[in-house]
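According to TrEMBL, the protein has these features:
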type: BINDING; residues: 11-16, D36, R41, 92-96, 133-134, E167, 278-281, R348; note: NAD(+) binding site
type: BINDING; residues: 163-167, 222-226, R262, 269-275, 340-341, R444; note: substrate binding site
type: ACT_SITE; residues: C278; note: active site, nucleophile
type: DOMAIN; residues: 334-449; note: domain 'UDP-glucose/GDP-mannose dehydrogenase C-terminal'
Amino acid sequence: MTKIKNICCIGAGYVGGPTMAVIAHKCPDVKVTIVDLNAERIAAWNDEDVNNIPIYEPGLAEVVASARGRNLFFSTDVEKAIDEAEMIFISVNTPTKTYGVGKGMAADLKYIELCARQIASVAKNDKIVVEKSTLPVRTAEAIKNILDNTGNGAKFQILSNPEFLAEGTAVEDLLNPDRVLIGGDNDEDGQKAIKSLVDIYANWIPEERILTTNVWSSELSKLTANAFLAQRVSSINAMSELCEKTGADVNEVARAIGMDSRIGSKFLKASVGFGGSCFQKDILNLVYIAKSYGLNEVADYWEQVVIMNDHQKKRFATNIVRTLYNTVSGKKIAFLGWAFKKDTNDTRESAAIYIADALLYEQANIAVYDPKVEKETIYKDLDYLESRESAQNKKGVVVFENSYEACKDAHAIAVLTEWDEFRTYDWQKIYDHMKKPAFVFDGRNILDGEKLRKIGFVFQEIGK
Ligand code: NAD
Ligand code: UDX
């Protein structure tokens, strides 16, 4: 078995950064170097003020501060880090393809392939290569093929070690995971490689929570976990629409079914729709894989989860327009929240982007406040949709640093992220400075409807 002394992680993003910071924090004898092509991102990770690291996650700055400069390093020198490491994690992005075969569905593996080629060309001795990115089942085969055919004779073991952290709770999830999953080959070398990685995690995770499987099960388990989680959200969101028609209350329904231990109470919060970089991408990837094996019923079954989610976002926007007397043209709509969930500055696939886009089509003036998201990110998110000229997005959307200013003179407020601070606002003060009738559309069911209605708001929430 190889005793790991040097780890390299390619990709200093939402997964690579926190995951490796926690490994370095818990394994002071292991040198962990996180590398990335994005020099700006690496500079931010190295910022003297640890509060300026590029990812906001509760507790992350403290973990980074504990290890940075001791056994945790951030660098753009990818080759040096590969050369020094016995174990290399690949944690690069695997977005949905935007071109060619599989466009809009399949995972784009070009960054993965680039990593494999670079590892092969640099490696002078044997390495364990760990798939940390979420990958289609059987990707390890392609990685192995590239490594074996383009290398300099060094031997490679490929492990799959998918990451289950959720953003906003990444540090807690990493310190205390439900399970760690490691897939590897069944032969002696494969088992030795698995053991090397188990030993890293065993520094802080009880061994019974470290699960080992074959590579394909591990790769597919990650896509399956995300599909099941997203399916729960789409299922409760589907019921939310039925609740609105029938007088049932989706929170009461969720509570009632969640008390059944076979169903469980987590992940049953009705919302404006799930966002984030993973759910949609991974389900579309699963759908694509199923189709590629000719499993059309399997593909259709899972695709419905995404279709339902798109419907939920669309109907939220449509309801705003309808309720505001069928026109929002020239009206100020304040958005509370832009991130895809609370406690993160990540906005990828956030429902807010799509609600904003739909309302911009209706010529609304949108005022955004989010406690952690930068103004530039909001404009970048909108420009990425290519729905209109960048100048038009800038004209239609104004970003505020103060939530009360964002809501001043608004016709309506849409709550799009469940940030805790929204609950504690002085809603009377907000009401006093809004146009009347003052509408609130709570896309997260976090506000006290009774209190807001008493103040005078026309208050609507999901599934009630
Ligand atoms: P990210 O975009 O935040 O980070 C990826 C980083 O990889 C970027 O900084 C990019 O510059 C870098 N990169 C790309 N190609 C490179 C190369 N050849 N050499 C060096 N650096 C390179 O992505 P992320 O959110 O960290 O996700 C990474 C993977 O983890 C994805 O496969 C994703 O599906 C998976 N995942 C994400 C989450 C999550 O919550 N974000 C959770 C579990 C799994
Ligand atoms: C998800 C998985 O949870 C995690 O295990 C995986 O590693 C990456 O993908 P993440 O996307 O970071 O994590 O956040 P998650 O908490 O799963 O939320 C995803 C989206 O679903 C968010 O927009 C969230 O607001 C929404 N959601 C979640 C709901 O609308 N209702 C719920 O009950 C739960």
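Positions of Cβ are set from backbone N, Cα and C atoms, glycine also.
Structure coloured by features recorded in TrEMBL.
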residue : record                   : DSSP class
Y14     : NAD(+) binding site      : coil
D36     : NAD(+) binding site      : coil
N93     : NAD(+) binding site      : coil
A166    : substrate binding site   : coil
N226    : substrate binding site   : helix
A270    : substrate binding site   : coil
C278    : active site, nucleophile : coil
F340    : substrate binding site   : coil
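Sequence-distant contacts (6 or more apart, same chain, Cβ under 8 Å) of L223 (substrate binding site) comprise T134, P136, V137, D282, I283, N285, L286, I289. Taking only the Cα positions, the spacing between G11 (NAD(+) binding site) and A166 (substrate binding site) is 17 angstrom.
Geometry remark: Y14 (NAD(+) binding site) versus A166 (substrate binding site), CA distance 10 Å. Checked against ligand 1, the binding-site residues G11, Y14, T96, A270, F340 give G11, Y14 in sequence order as having a Cβ less than 6 Å away from one of its atoms.
Rounded to a whole value, the Cα-Cα separation of G273 (substrate binding site) and Q280 (NAD(+) binding site) is 11 Å. Across the domain 'UDP-glucose/GDP-mannose dehydrogenase C-terminal' (334-449), the DSSP tally of helix, strand and coil residues reads 46 helix, 20 strand, 50 coil. Within 10 Å of Q280 (NAD(+) binding site), counting C-alpha to C-alpha distances, fall the following of the binding-site residues A166, N226, A270, F340: N226.
Highlighted here are the recorded positions (L223, G273, C278, Q280) whose C-beta falls below 6 Å from ligand 2: C278, in sequence order. N226 (substrate binding site) and E167 (NAD(+) binding site) are 13 Å apart (CA-CA, integer value).
A166 (substrate binding site) sits 10 Å from C278 (active site, nucleophile), counting Cα to Cα. When the recorded positions A166, A270, C278 are compared by the number of other C-beta atoms lying within 10 angstroms of their own C-beta, A166 comes out lowest. Taking the C-alpha positions, the distance from D36 (NAD(+) binding site) to E163 (substrate binding site) comes to 18 Å.
Looking just at the domain 'UDP-glucose/GDP-mannose dehydrogenase C-terminal' (334-449), the mean pLDDT is 98.
Among the recorded positions E163, N226, A270, C278, F340, the residue whose Cα lies closest in space to that of N93 (NAD(+) binding site) is C278. For the pair formed by A270 (substrate binding site) and C278 (active site, nucleophile), distance between Cα atoms is given as 18 Å, rounded to the nearest Å. Cα distances from T96 (NAD(+) binding site) to the recorded positions E163, N226, C278, F340 are smallest for C278.
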